[in-house]
Amino acid sequence: MSEIAAKAVVTRARRRLWRSRILPYLLLQALIVTATILGLQLLHPNDPEDFAVSAFTLREDGTTRPVTLPHFTASRYSLADPPLYTSAFTFRPADAGSGWSVYLPRFSNAVEVAINDVIVLDSRRDAVANRPDRNTPEIATIPSSLLHDGANRITVRLLVWGPLKGFLDTIYIGPDEAVRPAYETRTLLFVTLPVVFSAWQSLLAVILAIMWLMRRREPVYGVLALGMLVGAVQAFVPPPIPPAPYPRLAAILLASAPIESALVVAFAVLFFGWRWPRYGLLLFVPGFAILLVGLLASQPIPRIIFLFLGVPTVGICLMLLAVIVTRAVIKRQDAASFTFGCAVTIVLVCWFHDMFSVFEIIPEERIFVTRLSYSAMLVAIGAGLTWRFARALNQVDSFAGQLVARVREAEERLTASFAREEARARAAALANERTRLMRDLHDGLGGQLVSIVALSERGHEGATITDAARAALKDLRLVIDSMDDIGGDLMLALGSWRERATAQLRPHDIALDWRVATPQGLPLHPELRPWHVIQIVRILDEAVTNAVKHAEARHIAVSIETLDGAHGPYGVISVTDDGKGFALAVNGASASAGQTARGLRNMRSRAARCGAVLDLTSDASGTCVRLQLPQRFPDSDAAAG
Amino acid sequence: MTEQGETGEAITILLVEDDAPTCWRLQDALVKAGYQVRTAGTLGEARSALGNAAPRVLLTDLRLPDGHGVELIRETRLRFPDTEIMVISALGDEESVITAITVGATGYLLKDAFPTDIATTVRDLVAGHSPISASIARFIVRRTQGTAQGAAEPPPGPVLNTARLTPREIDILWGIAKGFSYAEIASHLGLSRQTVPGHIKNIYRKLEVHTRSEAVFEAVQQGLIKL
């Protein structure tokens with residue numbers, strides 16, 4: 001099995017899928033085309049044929065000939081000497097419940113109607129009627145004083161501004177109540193409906209623009225908002241009548257259609273998630289070219305350019321749109337692209353219809369429906385987007401709900417794990433404390449009790465056993481005492497030590513001189529732990545014991561002071577005695593020399609464990625043990641060994 | 001040599017201690033100092049001894065074979081308000097000593113104290129000086145701190161009402177807890193040295209739970225009496 005063969009299989013499968021999807025879609029579009037054509041035929045309003053006036057005499061360029069309406073005249077660029085249609089109609093006052101009216105369903109570009117040589121209607125005064133893309137009808141009531149019984153004359157000047165050909169549809173003259181309904185129907189279809197659509201469109205433009213402003217990451221909204229804005233401006237700005245006071249405005253109006261259609265293509269590309277191609281900007285070139293020409297050149301060149309550049313651009317954009325949407329339908333198979341595709345097909349059919357009507361392939365008719373269907377399509381798109389936005393909001397809501405639930409879950413888990421962790425930490429702290437307590441008991445009490453046992457077994461009596469037992473009790477009290485919470489105030493521990501030391505020294509008749517520099521005594525140490533206290537008290541105990549046992553001191557002074565260091569205050573505890581010093585003891589009594597040395601080593605290691613500095617000076621006049629406390633007691637018992 | 005009270009009679013001491021060697025040791029030290037000592041090994045014996053006559057001083061252990069020393073202290077306090085009461089303790093731990101103080105004891109005596117210290121302590125007690133140790137003072141002042149901070153849960157250990165202590169009394173307790181002598185405390189606080197023992201006596205009285213029902217309530221609270 002070669003890779004190529006495998007690829008071929010995949011390609012074939014893909015092609016089959018493609019075909020299976022595109023065929024139903026194309027069939028559906030064919031159905032929609034048919035339906036649209038039928039719809040357009042049905043849409044064509046019925047006119048009151050009983051009152052039709054279609055046989056006219058046309059005087060054009062100095063020649064006169066009979067014509068039948070609807071009639072196309074040649075395209076022209078001058079308003080001077082317009083084609084003049086003349087006809088006669090019969091007025092029968094018996095028919096008239098009310099007055100008579102003249103009704104013109106369709107004309108381009110403007111008309112001036114005179115009855116019996118009195119002008120009753122000039123469509124140029126109606127801004128909406130001047131739009132060639134709207135199929136605006138006109139109606140005028142004929143003052144009864146103008147009408148004679150029997151034959152009357154109607155003259156119609158058709159004002160044409162190229163490049164389109166002039167067109168005049170059949171004219172209806174009759175009683176007002178007979179012709180007005182047809183006029184109302186046309187007004188509703190071709191005047192009111194576009195205004196409604198345009199209003200809708202401008203609202204959507206605002207909404208989409210706000211959406212885009214709040215979500216700059218999604219240019220799709222911005223593009224559509226811009227498209228709708230251009231359309232809305234085009235719909236509401238009154239078109240200039242030649243000779244226009246603002247010819248530049250006309251340029252903007254002319255350029256709007258191609259720019260708008262290019263924007264819609266851009267929207268479709270972005271909406272269906274394609275990357276915007278680099279040459280995509282070419283699509284905007286015709287629109288801006290028309291704008292440029294409109295701004296620079298005077299009429300009728302911009303109009304000609306529009307006809308030959310703008311209108312095809314719109315068509316090309318529509319076809320591009322159809323292709324893009326078809327691909328999207330095949331790929332995504334979702335409701336949005338299906339709907340969009342059908343809408344595009346309808347607009348495309350309408351565009352072809354208008355083209356056929358411009359080139360007179362559809363005879364005797366000039367009704368442009370592209371703008372109308374296009375507006376409807378945009379409105380549909382806008383509604384769809386709003387729907388999508390609302391759905392997205394719902395998703396966000398449910399997502400937020402899920403998020404809240406998840407956060408709560410996580411929080412619960414975290415709380416549980418935190419509680420577990422806390423319990424573990426507590427257990428660990430307890431175990432640590434127990435270990436230290438065990439070590440402290442082992443260091444002091446254990447050894448002393450063993451020593452008592454040993455002494456008792458060897459038959460010793462009296463003082464030695466008593467001393468050992470007293471030492472054991474003292475140590476037990478020390479351990480119990482240092483377990484107490486003293487809130488970081490070492491003075492509270494030293495207070496009970498002073499009592500114990502005084503009691504210890506009293507039988508030896510040694511005075512304990514207690515000097516505290518300030519009432520506060522030592523700085524507070526919130527980080528002070530029981531094991532720090534035990535070490536410090538043991539150092540002091542050792543110093544006192546050495547003074548009593550080995551130095552034969554008579555006075556022991558303990559001084560406590562707080563000094564100011566570079567990083568804050570620190571405490572110093574000094575134990576000074578007036579004994580003979582341990583240097584002499586080392587030389588003198590060899591038995592106690594080893595003990596003293598061990599005692600000193602112990603003191604130093606205990607000081608190191610608390611981060612304290614031990615200074616020891618000793619001479620024949622006495623010994624001074626100076627314990628400089630740290631500014632901060634160490635957390636861990638790292639130096640323990 | 002015989003220690004005599006104000007009336008000139010020998011001072012009587014009731015010593016309640018179930019451990020015979022300890023009892024001997026304390027008795028020896030007190031008798032040597034000239035006191036008239038009666039001993040009891042159990043709560044029952046102590047009660048019958050109290051039935052005869054009120055002793056000037058009651059020294060009692062807390063753990064007795066047939067009951068708790070706290071009951072004895074409370075009974076004695078109620079029946080003989082003039083009797084000075086002190087607890088005998090092996091370790092002087094706050095837990096038991098504070099409980100005894102709340103029912104009327106004044107300080108404690110360590111079981112292994114040197115004989116001279118034992119005699120001195122009892123003499124001071126009879127003279128109206130209430131000794132208070134640094135560790136007891138510490139316990140009390142830590143408790144006043146705890147209530148001042150308004151801790152949500154009651155601190156561990158026996159129930160102690162420190163609300164009635166004045167700031168001055170608390171200052172004195174702080175001084176004792178930090179190991180200062182009465183003279184040093186007096187000079188720090190601008191007092192006369194002689195007034196300090198009086199303040200300490202007041203402290204003891206204020207920590208005492210007065211009414212019988214209060215005492216029972218406290219005892220129940222502390223689990224000393226099972227209902």
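Placed from the backbone N, Cα and C atoms, the Cβ positions cover glycine too.
A TrEMBL annotation is a machine prediction, not a hand-curated record.
As recorded in TrEMBL, the features of this protein are as follows:
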type     : residues  : note
TRANSMEM : A:22-43   : transmembrane segment
TRANSMEM : A:188-213 : transmembrane segment
TRANSMEM : A:220-237 : transmembrane segment
TRANSMEM : A:249-272 : transmembrane segment
TRANSMEM : A:279-298 : transmembrane segment
TRANSMEM : A:304-326 : transmembrane segment
TRANSMEM : A:338-359 : transmembrane segment
TRANSMEM : A:371-390 : transmembrane segment
DOMAIN   : A:531-633 : domain 'Histidine kinase/HSP90-like ATPase'
At a threshold of under 8 Å on Cβ distances, which of A:188-213, A:304-326, A:338-359, A:371-390 pairs most often with the transmembrane segment (A:22-43)? A:338-359
Interface check, the transmembrane segment (A:304-326) with the transmembrane segment (A:249-272), three or more C-beta pairs under 8 A: yes
How does the domain 'Histidine kinase/HSP90-like ATPase' (A:531-633) divide up by DSSP, counting helix, then strand, then coil residues? 46 helix, 35 strand, 22 coil
Any idea what the model's mean pLDDT is for the domain 'Histidine kinase/HSP90-like ATPase' (A:531-633)? 82
For the transmembrane segment (A:188-213), what are the same-chain contacts with Cβ under 8 Å, counting residues 6+ beyond its ends? 43, 45, 128, 134-137, 219, 221-222, 224-226, 228-229, 231-232, 235-236, 367, 371-372, 375-376, 378-379, 382-383, 385-386, 389
Look at every Cβ pair spanning the transmembrane segment (A:220-237) and the transmembrane segment (A:338-359), keep those 6 or more apart in sequence, and say whether at least 3 of them are under 8 Å. no
